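Undergrad: Per Swiss-Prot, topological domain 'Mitochondrial matrix' is recorded for 2-24, and the stated evidence type is similarity to another entry. Annotation comment: Swiss-Prot describes G2 as N-myristoyl glycine. The transmembrane segment annotation in Swiss-Prot covers 25-44 and rests on sequence analysis. Swiss-Prot lists 45-340 with the feature topological domain 'Cytoplasmic'. Residues annotated as Mo-molybdopterin binding site in Swiss-Prot: K70, S71, R95, S214, R241, N243, T274, R275, C276, Y320. The region 'MOSC N-terminal region' annotation in Swiss-Prot covers 96-186 and rests on similarity to another entry. The domain 'MOSC' annotation in Swiss-Prot covers 191-338 and rests on sequence analysis.
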Amino acid sequence: MGAGSWALTLFGFSAFRVPGQPRSTWLGVAALGLAAVALGTVAWRRARPRRRRRLQQVGTVAQLWIYPIKSCKGLSVSEAECTAMGLRYGHLRDRFWLVINEEGNMVTARQEPRLVLISLTCEDDTLTLSAAYTKDLLLPITPPATNPLLQCRVHGLEIQGRDCGEDAAQWVSSFLKMQSCRLVHFEPHMRPRSSRQMKAVFRTKDQVAYSDASPFLVLSEASLEDLNSRLERRVKATNFRPNIVISGCGVYAEDSWNEVLIGDVELKRVMACTRCLLTTVDPDTGISDRKEPLETLKSYRLCDPSEQALYGKLPIFGQYFALENPGTIRVGDPVYLLGQ
C-alpha cells in the first residue's frame, strides 16, 4: 500500500475516490489536504499552550459600573457587555446621555455637583429619570426622530446628540436650578469623538461618546483602601467613577497591567487617569468638599517628572483601558494578566 493510500486508510477514507480522476491525482489531492490539516493542528497546539502559560491571575472582578448620563449616578450591574465604546447593559450604555447648557457645552458635576444625584434606569421600553424629593420622569428609550439634533461640545470637541425633549429639559433644569439645560442622547449613526484627539497615546480606532477620553476605567480595591488609610473621611469607589473594580490584587497593581483577559474580553492599558475636582463630590449627597481626596492624592500620586507632558501636575488614580477583544464580563470573573 502506498503512502497516500495508507494515510487515507488511517483517517477512514479508504473508500474515497474522485469520479473521473486518475488514482494518482486524487491520492495527491487527499495527501495535500491531510498535510494541511496536520500542520494546522500542530500550529494550534503549539500556540495554545504558550498562550495559556502566559496567563497569570491577578485579581477578580468585584464591581461593574455604568454611568448612563455623564456625571450622574452610576448603576451597579452584575454583568455587562464590553464594546469598543464602553460597557453596555441592556439598553443602557456608559455615558451615552449628556446634560448640556444653552451654548451646547457639557454640564458636569465639576460645575453642578448635584448631577451625581440623578439616576437613569431602564425597564422594558421605558427610561426613568429619578432623584430624591423629585417626581420620576418617564422617557422613551429612543428619542423621537423628529426631535432636533444638537451640536454639543465635550472638552472642546464637537459631537452630536439627539434632544430628549422639553419634559426632560425642564426636569433636569428644575432639579439643578439652572436655566436652559437640555438632555441629549448619542445614537449609533452619530460620529463618536476620537480618544486620540484628547491624548495622543490612544490609538486611532479608540473612540467614545461622552466619556472624557477612554471607554474603560479600571481601579483596584487595594488602591482605594490605601487612599482611605490616608484620609480622615473615607471615600467610595464611585467618587472616582470606575467601570471595573478589581479585588484580590496588590496596591496600585493596575498601574502595571499592560493587557488583561476577563472571560473572552481583552483590555489593553493606555494611560493613567488624571484626577480633578469631580473626585471631591460626595456621590451620596451631591456636596463638594473642594479639597479631599484630591489634596491627599496630590501628596503622593503625582506622575514621574518624565511623564509631565502627558499628565501635567494632576494626581493619577486608576487606569484607562481600551478594547482589544469584545465579550461579556461578570462580577466574580477572574482577571488574568496576559504575557508582557
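Heads up, the Cβ atoms here are built off N, Cα and C, so glycines get one too.
Here the structure is a predicted model, which means the values were calculated and not measured.
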Undergrad: Is T274 (Mo-molybdopterin binding site) helix, strand or coil when read with DSSP?
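TA: For T274 (Mo-molybdopterin binding site) - judged by DSSP and reduced to three states - the answer is strand.
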Undergrad: Sorted by position, what residues of the same chain at least six away from R95 (Mo-molybdopterin binding site) have a C-beta under 8 A from it?
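TA: Residues satisfying the criterion: Y67, P68, I69, K70, G86, V208, A209, Y210, S211.
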Undergrad: Given that the record lists K70, S71, R95, S214, R241, N243, T274, R275, C276, Y320 as binding Mo-molybdopterin, what is the largest C-alpha to C-alpha distance among them, in Å?
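TA: Max span of the Mo-molybdopterin binding residues, Cα based, is 18 Å.
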